[in-house]
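Peer 1: Have a look at this one.
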Amino acid sequence: MILRYLIFFAQLWALCLANVNMFISKEEMNRTFGVKAELNYIEMGNVSSYSTKFHYRVMANIDYLSFTWNAVGIVHYEVYVESDDSSVLPIVRIPLKGTVPESLQDFTVEYRCAGHRSGQFAVSLYFTFKYGNKEPLKVKLRQEKICASRDGRRGLNGGYEGHEVDDTDSIDKAFFVIICIAAAFLLIVAATLICYFKRSKKEDMIPTRLPTSFRNSLKSTKSAQPFLLSTPRDGPPTLSAISSAPCSSSSASGNSIIPSKPRNIDVRRALLQLYQDRDAFQSLPLDMEGTFGEVRYAIWRQVDDVLNGDVDDEEDTFCNQEAVYTKTLKNNASPIQLDRFLSDALLFYNITPHQNLSQVACVASFGRFDRPETVTDFPLVCYRHQGFGNLKKFLTICRHGDKTKGAQTLRTHQLVSLATQVSSAVAHIHKYRIVHNDIAARNCLIAEVNGRLQVQLCDSALSRDLFPADYHCLGDNENRPLKWMSPEAIANELYSSAADVWSLGVLLWELMSLGGSPHAEIDPEEVYTMILKGKRLQQPNNCPDQLYEVMLCCWRVLSEDRPSSEQVVHGLRDFNIQLSQYI
């Protein structure tokens, strides 16, 4: 009898603690929307007002959407789906009634475009969750399915739920086609595996020190690539090693060093030009946050008057959706922090775009910047970005090898390519006489474009708040990235393109060390003294000698002895070409 009571109370307690979670995973968001961020609908029984208001766009080339859910305790559900137009047939691939699984599981909703009409069509997914004596939890999830006009689209009788085909010839033909496709697939898999193992074997053959023939070829073209000679060394670099690095003064002395000057941007005018209505943005969960600022992905819904669908709802006048990377301040930020935030964010404002430069795409507010009295929120600064987000965060994940967070195995040629790309961005801003003053992995974004990694140099807005451990104060009440700075910048605050090149060398080191912390063993107050004594960052594992020589060139004490950013680009490109011969 006592045992029965214990079981009863245990079940009652479980019902009282019951909760449900539902979300779209990072992998599914990346597959369907190109954004590697999780979209939470319900978390421990709490419904996200942000996410449930969001109309998830299911593009024409996407046939289904996967949701992930689980329950804590016993949770019963009911679900049904409806479409506002018969041109779309939504199908939920789970029973319409049942119990939410306790372990994380996926279920899918299929969206079938029927007929020949094109346009966007609203689909609503209704859930009711029941547990214990609590009020039922009702959730409505909205999707918008895009259907492209094409002849021969599968109709409503497209082989679902008992539709039978009696034509034996058709079955035979279908069977034959399936066999052919399977055979072709096996051949493709076999060929892919062979190519993969050959490529892996070839990359594994790349030594830390490239072959003598490669070094000789570099020596024979010394005038064309002055940075890429290989100098065998044991232990950390010394002053003599740095002085003898293959970037002679003759190659660097002709450089025109660009001093750092304020850009004097008219912030109000820039905000007016970049303004967008905040209601057009659907914020996703936090990606990073500090004390005063935060970073999120968001969906920018842009108005397009050309709409072929017949849905009359005002929401559906928004046709194009674009993923953006956003920065904004929290409510506890001060006006001084707002001024600094906007000044930093607009560093690249109004200069010619570059594929490796991340510039502000728009600034959103619920009010209007031409009527300041209507602006009660902090501006949402938006960058076009569909990728992994912050480079430093991405490199750290890759170094730790956490596949659940998107870790990748980065090969030498990929890292050299990223180094070349970010150097190209630095050379681009220097061409417009803009000095960055804070070049580092924390101020870059990384994505995958057409199967290749692409890095973009970004401004330093919010970096001091998001990465406080990278900034230190030397008694002047100014937090500075001392371990990325040149000696003249530390001692005399002399910022220039040459100081940027020093920081660029540290960024190359961050890439090759997969987000390592430079000079981690040195106190910030001692960095300047140690640099003058010849202390330099050690060569990372698997970093080719020629690339490390480029870093040493960037770290020469005298600013006039350093190469220009353009010379660094040329050197890295030449090295990349040579390296590709071994891949």
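Here, residue 1 is simply the first one shown, and the rest follow in order.
Glycine too: its Cβ is placed from the backbone N, Cα and C atoms.
Quick paste from Swiss-Prot:
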BINDING   ASP287, MET288, GLU289, GLY290, THR291, PHE292, GLY293, GLU294, VAL295, LYS327  ATP binding site
DOMAIN    281-583  domain 'Protein kinase'
SIGNAL    1-18  signal peptide
TOPO_DOM  19-173  topological domain 'Extracellular'
TOPO_DOM  195-583  topological domain 'Cytoplasmic'
TRANSMEM  174-194  transmembrane segment
Peer 1: Can you count the other CB atoms that lie within 10 A of the CB of GLY293 (ATP binding site)?
Peer 2: 21
Peer 1: Out of ASP287, GLU289, which of the binding-site residues has the smallest number of neighbouring Cβ atoms within 10 Å?
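Peer 2: Fewest other Cβ atoms within 10 Å, among the binding-site residues ASP287, GLU289, is found for GLU289.
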Peer 1: Let me know how many other Cβ atoms fall within 10 Å of the Cβ of THR291 (ATP binding site).
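Peer 2: Taking all protein chains shown, THR291 (ATP binding site) has 13 Cβ neighbours within 10 Å.
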Peer 1: Count the Cβ atoms, other than its own, that fall within 10 Å of the Cβ of VAL295 (ATP binding site), considering every protein chain shown.
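Peer 2: Total other Cβ atoms inside 10 Å, all chains included: 21.
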Peer 1: Between all pairs in ASP287, MET288, GLU289, GLY290, THR291, PHE292, GLY293, GLU294, VAL295, LYS327 (listed as ATP binders), what's the biggest Cα distance, rounded to the nearest Å?
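Peer 2: The widest Cα-Cα gap among those binding residues is 14 Å.
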